[in-house]
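Over in TrEMBL, the protein carries these features:
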- 109-126: transmembrane segment (TRANSMEM)
- 138-158: transmembrane segment (TRANSMEM)
- 165-187: transmembrane segment (TRANSMEM)
- 193-212: transmembrane segment (TRANSMEM)
- 247-267: transmembrane segment (TRANSMEM)
- 273-292: transmembrane segment (TRANSMEM)
- 312-332: transmembrane segment (TRANSMEM)
- 363-383: transmembrane segment (TRANSMEM)
- 404-420: transmembrane segment (TRANSMEM)
- 426-445: transmembrane segment (TRANSMEM)
Amino acid sequence: DDVHEKKDWEKERRNGRIMKVYKKPTVRQYFHKGLLWRASETTEVASFELFVDLLYVGILAINGDHAADDPRGSELLRFSITFIMSWKIWSDLALMISWFETDDMLQRLSVLFIMACLLGLTTNMLDAFNDTYTELVSFYLAARLFMGGYLFVLAMIVPMVRGMMLAHVVLTLIPAALWIASVHISYPLRLAAIWIAIFMDLCGAIFLVGIIRGAKVMGQRVAEYVDRVFEFYPAINIEHKVERTNAFVTLVFGYSVVAIIYQSAAATGINAFYGKAALGLVQAFCFNWIYFELDGADLFAHAIRRNVSSSIFWTAAHLPLIMSYVLGAAALSKLVVAHDSPNTPLESLTETYMEKSESDIPIGLRWFYCAGFGIALFCMGIISLSHVHKDHPKGLRILKRWRMLNRFGVCIILFCLPIVESLNSLQLVSIVTGLVVWVLLLELWGCSCPEESFFGEKRKCGYTARCKVSRKDLEARGK
């Protein structure tokens, strides 16, 4: 009935009105004395948030491809540092949008400024250890300090959550000082300052939550002070956080699909190049299937809702998952066009891809590929364990812990594959594909009920109904 339709009252109030230049921020949800209070309306992903993700498509491609072009330890170090810096900006931006509802022009302009800083960060990634390190840190700090200043302003105009906002400002300023100091330290000594700053950037908020929740252990006076300062503190919107994370993971899986595409110059394009690309597509499809439809579906309790520990594991596992998968996908793009296996004529590639093709696979590329996908699969297992999945009343074919044991065993095999240097690119890609498909098939089989059939229903469907019609009328209708 139209009368009982669920209405978006915010849109009703804005009917016929323009978007405001400035609107006082409103806390979407917050904790008070251990209880979660949240707004009645749902937090939908805004279009400008998806626009931010488009910039990360380029970041993934540039950073991953450059790492695969020079598969050495120094390049892995550069890739890790610059990727974490870009991830930190993305996660902080998503967090602030989840915390506060503003929906004004100033919010859009703020996001645009952060995107401009992120663009500057990206343009200085590849030569970060040589000539562009100062510019890299400058753009990173511009985004971080801008968001820190934004939180300071929020502390002034939203006094209810002032304690938490000021604490996050401090957590921004301390590592910022280390980043500035690293500019004046020569390489490789600056790596110490860099990793301490990264650790504080990534883990500072976790320690803050630990202090708030464990204040009673520190004494009554400390507990009373913490309870007074952090009486109210904003909470993340679970639906928004999950949607934003899923969108980013989708970008990562999408990058692996784009990375395997090459151009053929042969009249008959069915060769080992195409075979490796097709196998790479199968790998990406299986990873996507496992992450979204097996590990992230049919949940009894999401990791964020389950408890603090599972929430931390779920959040922390996504960064190494994404980094390692991007590294593996970038290495796969080089393996696809390698001409070290039978039926890979170099002349069947276009000139651009002939230059990228290699006759011998470097050991570093093997490690990037196998260890990258192995770590990604391991992190997906950690994410799955952090959730509580629904149990079928009649049981499962294979319990979750045994399925995870199989998955971690496959990860160990993937970690050991680079040692076998006699494998050519086709054999390597084929083995990895077989292992990933095996994990998928075992998960599909194991999480099903023993009495269920994979081919239709075991019993015919029946239909029962109660009709307020006389038998005489039914017999008349049936004639």
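Glycine is no exception: its Cβ is also placed from the backbone N, Cα and C atoms.
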Of 109-126, 138-158, 426-445, whichever stretch has the most CB pairs under 8 A to the transmembrane segment (273-292): 426-445
Recorded stretches the transmembrane segment (247-267) and the transmembrane segment (312-332) touching, at least 3 CB pairs under 8 Å: yes
Range from 165-187, 193-212, 312-332, 404-420 with the greatest count of C-beta pairs under 8 A to the transmembrane segment (426-445): 404-420
Recorded stretch, among 193-212, 312-332, 363-383, maximising Cβ pairs under 8 Å relative to the transmembrane segment (404-420): 363-383
Top partner of the transmembrane segment (312-332) among 109-126, 165-187, 363-383 - counted as Cβ pairs under 8 Å: 363-383
The transmembrane segment (193-212) and the transmembrane segment (165-187) contact flag, 3+ Cβ pairs under 8 angstroms: yes
Folded-back contacts onto the transmembrane segment (109-126), same chain, C-beta under 8 angstroms, at least six residues removed: 48, 52, 55, 58-59, 62-63, 66, 78, 82, 85-86, 89-90, 93, 132-133, 135-136, 138-140, 142-143, 146-147, 150
